[in-house]
Amino acid sequence: MAQVSIIGGGSWGIALAVLLRKNGHEITVWSALEREIAMLREFREHKMLPGVKLPEEIVFTTDDREAVEGKDLLVMAVASSYTRETAHRLSSLVAPRQKILNVAKGIEEHTVMTLSEIIEQEIPQADVAVMSGPSHAEEVGRGIPTTIVVGAGTKATAEYIRSLFMNEVFRVYITPDILGMELGGALKNVVALAAGIADGLGYGDNTKAALITRGITEIARLGTAMGGKFETFCGLTGIGDLIVTCASMHSRNRRAGILIGQGKTCEEAMEEVRMVVEGVYSAKAAMELARKYNVQMPIIEQVNAVLFEGRSAAQAVKELMLRDKKLEVSDLPWPEENR
Ligand SMILES: NC(=O)c1ccc[n+]([C@@H]2O[C@H](COP(=O)([O-])OP(=O)(O)OC[C@H]3O[C@@H](n4cnc5c(N)ncnc54)[C@H](O)[C@@H]3O)[C@@H](O)[C@H]2O)c1
Ligand SMILES: O=P(O)(O)OC[C@H](O)CO
């Protein structure tokens with residue numbers, strides 16, 4: 001039995017708290033938001049996970065020391081825009097080589113750093129790992145079979161974290177490719193906005209399949225240029241997570257996209273979804289990275305234009321359809337070129 005703290009009381013942190021408790025671990029949930037902890041304590045349910053009862057043994061706290069000291073694992077589950085501030089706040093309490101598992105998805109806008117890079121910068125003494133994959137909290141909370149990946153700096157850390165989480169409904173793979181995992185997890189949210197926009201415009205399955213397929217091509221192009229492994233983008237944290245986010249009614253990025261496709265502004269859509277829409281924050285960072293690594297990302301570019309430059313969603317789709325004519329796979333030779 002391990003002592004685990006969940007840092008952040010959102011739907012993902014709470015679904016993981018319930019899973020880990022079922023696996024027999026001692027769980028503390030910490031949040032910087034007093035109101036959030038008070039609600040969880042009082043109702044022992046998260047509003048996004050109706051019917052998922054929070055076991056009595058789970059401890060809820062806003063006390064930093066209680067959350068960090070003596071824990072075998074800290075699970076960072078705050079929205080990505082609070083990752084740095086939260087890591088900074090807790091840093092002095094973290095012991096050398098204490099394990100931290102980041103489960104949020106995003107890229108910091110002004111630094112274009114991944115979330116594990118931010119945590120390592122703020123808490124250099126920690127042993128930082130990440131978890132990502134196609135895994136909506138609403139389904140994990142209900143015990144629906146789910147597969148996920150843990151990436152870590154050493155195999156021993158990855159295996160240890162896997163041993164805490166894995167059970168008959170939660171299958172955990174491990175990988176050393178943390179960067180590929182994090183880029184896949186963050187960038188798929190931007191493509192999911194595009195998929196939602198297409199749904200909001202009333203387009204169909206053909207358009208969705210095109211966005212998913214060309215979307216993962218863009219993600220892998222940037223991801224490999226940055227040092228991620230191509231195979232990672234073909235796996236659960238790449239195409240797997242992109243499929244679930246573009247197709248699921250649980251996806252907040254897709255839901256925000258639908259509202260934008262129907263004519264709402266980005267701010268109105270975020271307000272209506274009422275949960276973190278990570279793709280909006282990662283979109284600018286993705287564009288910045290595309291420029292830095294000289295990689296073409298036309299879908300990401302159009303999403304940015306719709307979100308931040310006032311381009312209409314219909315015009316963005318037209319621009320994608322009529323851009324320069326291309327080969328599907330850029331370096332495949334034609335037979336006549338081999339003669
Ligand atoms: N919900 C899912 O299904 C799911 C699945 C996999 C990964 N994720 C990722 O996990 C992360 C969290 O997702 P979520 O659904 O739990 O989000 P959420 O919006 O439900 O919760 C985010 C949490 O961040 C913290 N937070 C919010 N405002 C804060 C502030 N001002 N200061 C400090 N902390 C604050 C709170 O504890 C809040 O509950 C996101 O990056 C998301 O992409 C979510
Ligand atoms: O699918 P979304 O848009 O809710 O994003 C949350 C998680 O990344 C799902 O894996």
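The first residue you see is number 1, and the count goes up from there.
Placed from the backbone N, Cα and C atoms, the Cβ positions cover glycine too.
Unlike curated entries, TrEMBL annotations are predicted automatically.
Remember, it's a predicted structure, so these values are computed and weren't measured experimentally.
Annotation source TrEMBL lists domain 'Glycerol-3-phosphate dehydrogenase NAD-dependent N-terminal' at 4-156. For K105, G133, S135, K188, D241, S251, R252, N253, the entry in TrEMBL reads sn-glycerol 3-phosphate binding site. Positions annotated as domain 'Glycerol-3-phosphate dehydrogenase NAD-dependent C-terminal' by TrEMBL: 177-317. Annotation comment: TrEMBL describes K188 as active site, proton acceptor.
Here the features listed in TrEMBL are placed on the structure.
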residue: K105; record: sn-glycerol 3-phosphate binding site; Cβ contacts under 8 Å, 6 or more apart: S80, L115, S132, E182, G185, A186, K188, N189, E278, S282
residue: G133; record: sn-glycerol 3-phosphate binding site; Cβ contacts under 8 Å, 6 or more apart: T146, T147, I148, V149, L236, T237, G240, D241
residue: S135; record: sn-glycerol 3-phosphate binding site; Cβ contacts under 8 Å, 6 or more apart: T146, T147, I148, D241, V244
residue: S251; record: sn-glycerol 3-phosphate binding site; Cβ contacts under 8 Å, 6 or more apart: H136, A192, G196, V244, T245
residue: R252; record: sn-glycerol 3-phosphate binding site; Cβ contacts under 8 Å, 6 or more apart: V273, M275, V276, V277
residue: N253; record: sn-glycerol 3-phosphate binding site; Cβ contacts under 8 Å, 6 or more apart: N189, V190, A192, L193, G196, T245, V277, E278, G279
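For ligand 2, the binding-site residues lying close by, meaning a CB under 6 A from one of its atoms, are S135, D241, S251, N253; the full candidate list was G133, S135, K188, D241, S251, N253.
As a whole number, the greatest separation of Cα atoms within the sn-glycerol 3-phosphate-binding residue list K105, G133, S135, K188, D241, S251, R252, N253 is 16 Å. According to DSSP, S251 (sn-glycerol 3-phosphate binding site) is assigned to coil rather than to any helix or strand. Among the binding-site residues K105, G133, S135, R252, the ones whose Cβ sits under 6 Å from an atom of ligand 1 are, in sequence order, K105, S135.
In the three-state DSSP scheme, G133 (sn-glycerol 3-phosphate binding site) falls into the coil class.
Of the listed binding-site residues, namely K188, D241, the sparsest CB environment within 10 A is found at D241.
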